[in-house]
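K.L.:
The structure is given below, and queries will be raised subsequently.
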Amino acid sequence: MEGVLNFLTNINVIFTLLGYLIGGIPFGYALMKIFYGMDITKIGSGGIGATNVLRALQSKGVSNAKQMALLVLILDLFKGMFAVFLSKLFGLDYSLQWMVAIASILGHCYSPFLNFNGGKGVSTIMGSVVLLIPIESLIGLTVWFFVGKVLKISSLASILGVGTATVLIFFVPYMHIPDSVNILKEVGTQTPMVLIFIFTLIKHAGNIFNLLTGKEKKVL
């Protein structure tokens with residue numbers, strides 16, 4: 001019993017669970033329910049992220065569809081950032097901050113508030129890692145927004161955005177950057193971000209098939 005109590009009161013466990021719960025806040029679902037009386041999990045792809053929110057609202061002719069989708073994107077991004085910010089604020093080790101980041105991503109994709117359903121996690125991914133690898137993340141965010149704006153294919157923008165940040169972790173750590181944001185110096189491996197990218201590919205498996213067969217829908 002003492003071992004269980006020690007485990008449950010361990011600050012690392014507490015913050016990992018907290019990260020999962022914060023990431024699990026279903027902003028897209030909540031806003032759609034409150035303002036439009038719609039269950040986003042039963043519309044389109046069933047995802048709770050900005051893309052499905054946009055498509056659902058546009059299909060109903062809602063005039064502020066893009067503004068609502070942008071709000072969902074920002075909130076999903078900031079919840080990941082907030083989870084990691086808290087772990088930094090309370091002095092958790094850098095490697096454990098990555099655990100909190102991953103927990104927040106899993107929380108978004110498998111929300112405990114929606115029977116473990118959720119979204120594909122890209123907004124939360126970019127938000128959670130921006131405080132850990134800011135240079136790589138900001139470039140990845142730029143690629144994400146640029147591809148999304150120009151090509152209007154959300155899945156491709158997401159994959160390229162996270163992919164860019166992942167590729168850069170094999171180059172940026174060798175530059176003259178502070179150790180506090182150097183994944184190679186602090187963790188000794190790029191594995192956490194690589195795993196996040198693999199997870200992104202898995203979550204977008206259907207989209208990748210559609211991209212390869214020319215069936216992927218654009219976001220208008």
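Glycine is treated like the rest: Cβ placed from N, Cα and C.
What Swiss-Prot records for 11-31, 70-90, 96-116, 127-147, 153-173, 192-212 is transmembrane segment.
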K.L.:
Is it true that the transmembrane segment (96-116) and the transmembrane segment (153-173) have 3 or more CB pairs under 8 Å, sequence gap of 6 or more?
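P.N.:
Answer no: the transmembrane segment (96-116) and the transmembrane segment (153-173) share fewer than 3 Cβ pairs below 8 Å.
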K.L.:
Using a Cβ cut-off of under 8 Å, list the residues of the same chain at least 6 residues beyond the transmembrane segment (127-147) that approach it.
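P.N.:
Contacts of the transmembrane segment (127-147) (Cβ under 8 Å, skipping residues fewer than 6 from its ends): 23, 76-85, 88, 94, 97-98, 100-102, 104-105, 153, 156-158, 160-166, 168-169, 172, 177, 181, 183, 193, 196.
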K.L.:
What else in the chain is close to the transmembrane segment (192-212), if you only count residues 6 or more beyond its ends and a Cβ gap under 8 Å?
P.N.:
98, 101-102, 105, 109, 120-122, 125, 129, 133, 136, 153, 155-156, 158-159, 162-163, 165-166, 169, 183
K.L.:
Report, as numbers and ranges, every residue of the chain located at least six residues beyond the transmembrane segment (153-173) whose Cβ falls under 8 Å of a Cβ in that stretch; write 'none' if there are none.
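P.N.:
Contacts of the transmembrane segment (153-173) (Cβ under 8 Å, skipping residues fewer than 6 from its ends): 51, 120, 122, 125-126, 129, 133, 135-137, 139-141, 143-147, 182-185, 190, 193-194, 196-197, 200-201, 204, 207-208, 210-211, 216, 218-219.
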